[in-house]
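> Questions regarding the structure given below will be posed in turn.
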């Protein structure tokens, strides 16, 4: 069985992992608090939330199964070698559980706060339905031969795919509105921090083990970090460079609003 070669590297791995966990976990709260204070979700794209829930649910299945199941861990070692460490840590599982809960709560806010004329698109509904139907089909295929490692890799692929597309609706919405109002930049800054630290955690494991297997053995985690960094940088450019926020005396509860949104806030 695999083990750490350096105690220092193991400690650094754990520290980076848990700091990334807290950064990513706290990244959900700025949006929740912003929605609460504005009593509005205008400016927050609903397709993003639905795709994000699918992404985190899939990632939870992968992380929990690989971390807790000795049978799947054995299949992993048979595939990648007995000396390879399981590429999922306790903080990965904790993050996934928290992410599903907070994303679901943010979706709940959509139903109780002012949302203007925004709604979930038919394209998003279709994508979500297709993804979960495919997941069920894969479960049926994997069941007879207990190909559970293959199945959780499917869920890992789903979360990578969802990460690749989930930000697009929000980025396009910001572009069309020429504003990021209603979309919390605090979420993005913490998300970027988590992505960088998560990638660093994997690098520490590779250095200690003298192998890159943990990068392609858990390709979902690798691509997740890269995708997060790319889109977060895009949102930072949108917020601070392309559509900088201008506060004015009509700002509701200390948060600036667009003139077109003023009637929604007043009604709330």
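Including glycine, each Cβ sits where the backbone N, Cα and C put it.
Automatic, uncurated: that is what TrEMBL annotation is.
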> Between the candidate ranges 57-73, 74-90, where does TrEMBL place the transmembrane segment annotation?
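That would be 57-73, per the transmembrane segment entry in TrEMBL.
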> With a Cβ cut-off under 8 Å, give me the same-chain residues at least six positions beyond the ends of the transmembrane segment (93-111) that come close to it.
20-21, 24-25, 28-29, 31-32, 35-36, 41, 44, 46, 49-50, 52-53, 56-57, 59-60, 63-64, 67-68
> Considering only Cβ pairs within less than 8 angstroms, which of the stretches 12-36, 123-142, 148-168, 219-237 has the most against the transmembrane segment (180-199)?
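The stretch with the most contacts is 12-36.
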> Where else in the chain does the transmembrane segment (219-237) make close Cβ contacts, counting only residues six or more beyond its ends and a cut-off under 8 Å?
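Residues packing against the transmembrane segment (219-237) from afar: 59, 62, 87, 92, 156-157, 159-160, 163-164, 167, 170-171, 174, 180, 183, 185, 188-189, 191-192, 194-196, 198-199, 202.
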> Under 8 Å between C-beta atoms and at least six residues away from its ends: which parts of the chain pack against the transmembrane segment (148-168)?
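For the transmembrane segment (148-168), the list is 47-48, 51-52, 54-56, 58-59, 61-62, 65-66, 69, 71-72, 75-76, 79, 127, 131, 134-135, 138-139, 142, 218-220, 223-224, 227-228, 231, 234-235.
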